[in-house]
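Residues or ranges marked as domain 'Lactate/malate dehydrogenase N-terminal' by TrEMBL: 1-141. Residues or ranges marked as NAD(+) binding site in TrEMBL: G7, A8, G9, K10, V11, G12, D31, N93, V117, T118, N119. The annotation substrate binding site is assigned in TrEMBL to R80, R86, N119, R150. Taken from TrEMBL, the feature domain 'Lactate/malate dehydrogenase C-terminal' covers 146-304. Annotation source TrEMBL lists active site, proton acceptor at H174.
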Amino acid sequence: MKIAIIGAGKVGSTAAFLMAFKNLGDIILVDLVEGLPQGHALDLMEASPLLGFEHSVLGCNDFRCMAGAEIAVITAGVPRKPGMSRLDLLNTNKRIVEEVCRHIKKSAAKNCIVIVVTNPLDVLCMVAKKALGFPRQRLIGMSGLLDSARMSYFIGKELGIPAKHVYSTVLGSHGDNMVPLTRHTRVGGKPVEKLLSKRKLAEIIEHTQQAGAEIVAHLKTGSAFFAPAAAITEMVEAIVKNKKKTLPCSAYLEGEYGLHGVFVGVPCVLGKKGLEKITELKLSSEELALLRKSAEETRKAVKETGI
């Protein structure tokens, strides 16, 4: 399996490390900054005798290096800077994603599966869909899995248990319009609503919604990269190993949840063909309204950019 990661910043390089550590395939790190992907790749390969990597990691500045890639992960983009409007960020990253998609279409394998990570995620998935023309099975976004992991951590911390025993579900957009589903969240098989008060759950939901901004406030010069990279790796592993695993991802809806023609975070079954199935949970009227509101916000942003 050949996996291309376009964007060798902190998220991309950390994802490369985790994928190499899990021996998911040969990894190509692509970035336009001369020396950056090469340096990260060399550093990773020098760790291989200690960590047991069985596959290669190659860094390059030429998109042609990803020839034959079966999975392409797009992390390339700029972060939001002080004074930059959401629309400015969107327009800048739109151009980057369009350019990357042109190269994927030209160089990657015929049936390449693409995972978009660049923000604003759901809107840029629409950009990628237009640029690639791929069926929805081969184009998904990394969103709800990261938000779900964050929510699981906060619940586990509150209960004093390891987060691995918490199964959280967060749907909707990756951002202020995420839809945390406490009714579908379990702790060791027990409903979380029986273990925590409504007030405490509301606090955890708010914390989850602000988690990314909280990390930015601490770091001051950057944003989260360990957790996003772990979420990317989980998705890639499900595809490479054909796990048929249900993970919350941004997917293009064609009638599911009463929504059409928009990317939104929903439970997705991932396997060797990419998105193999969208699971429709039984949502309350309130939850469904929030999911549809999330989708509508994405539609508005898409309109603003003229996609």
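Backbone N, Cα and C define each Cβ position, glycine as well.
R150 (substrate binding site) carries a helical DSSP state (H, G or I). Checking Cα-Cα distances from R80 (substrate binding site) against the binding-site residues (G7, G9, V11, N119) with a 10 Å cut-off leaves N119, in sequence order. Taking every pair among G7, A8, G9, K10, V11, G12, D31, N93, V117, T118, N119, the residues recorded as binding NAD(+), the greatest CA to CA distance is 17 Å. Per-class residue totals from DSSP over the domain 'Lactate/malate dehydrogenase N-terminal' (1-141), listed helix then strand then coil: 69 helix, 25 strand, 47 coil. As a whole-number mean, the pLDDT of the domain 'Lactate/malate dehydrogenase N-terminal' (1-141) in this prediction is 95. DSSP classifies the residue listed as 'active site, proton acceptor' as coil under the three-state reduction. Listed in sequence order, D31, T75, A76, F225 are the same-chain residues six or more apart from G9 (NAD(+) binding site) with CB atoms under 8 A from its CB.
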